Amino acid sequence: SFSPDEVIRKRLLIDGDGAGDDRRINLLVKSFIKWCNSGSQEEGYFQYQRMLSTLSQCEFSMGKTLLVYDMNLREMENYEKIYKDIENSIAAAHEKISECKKQILQAKRIRKNRQEYDALAKVIQHHPDRHETLKQLEALGKELQHLSHIKENVEDKLELRRKQFHVLLSTIHELQQTLENDEKLSEAEESQETQMETETKQ
């Protein structure tokens, strides 16, 4: 025995889309058999009209099925197009994500460079600018040149004083020699006078 669900499932499998095509075909066969076995012309005409009606229903059902089939084909084409559009959108999104990652890396590098520039700028601000440094160097150069002239003048004066001192020492030495000579002469003269006095007394 079959359960009601199994009977319905098999009926749907036989019936196709469940539009009752098997019932119409069975009805058409029965009408054809009755038409063949009809005893009177009126009954034969009735079975004939019934067969035409059943054929019209079958044709209508087949036309509807074809329309549904065409619609399903168009839907499948539409779904394929939508699927391709989605794939293209996904690919474009991946490219955009990759580009955004590159931009993020570039932004990080720019931020790092700016931080380094700011740090360098703070260090530079603690030092005088180039113009002021050049002015200070120029002033120091002039002062150094002035000190160099003073040094040369002092060295010239020292050389002059050294020469003068040398002349003074020479003069003192000569004077000392002269005094010593004078002293020796005085002693010699005194010795001679003493000798002469001694001789006179004798």
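A Cβ is built for glycine as well, from the same backbone N, Cα and C atoms used for every other residue.
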If TrEMBL is the reference, give me the range from 48-75, 76-103 marked as coiled coil.
76-103
Which bits of the chain, at least 6 residues beyond where the region 'Disordered' (179-202) starts or stops, bring a Cβ under 8 A of a Cβ in it?
none
Summarise the region 'Disordered' (179-202) as counts of helix, strand and coil residues per DSSP.
23 helix, 0 strand, 1 coil
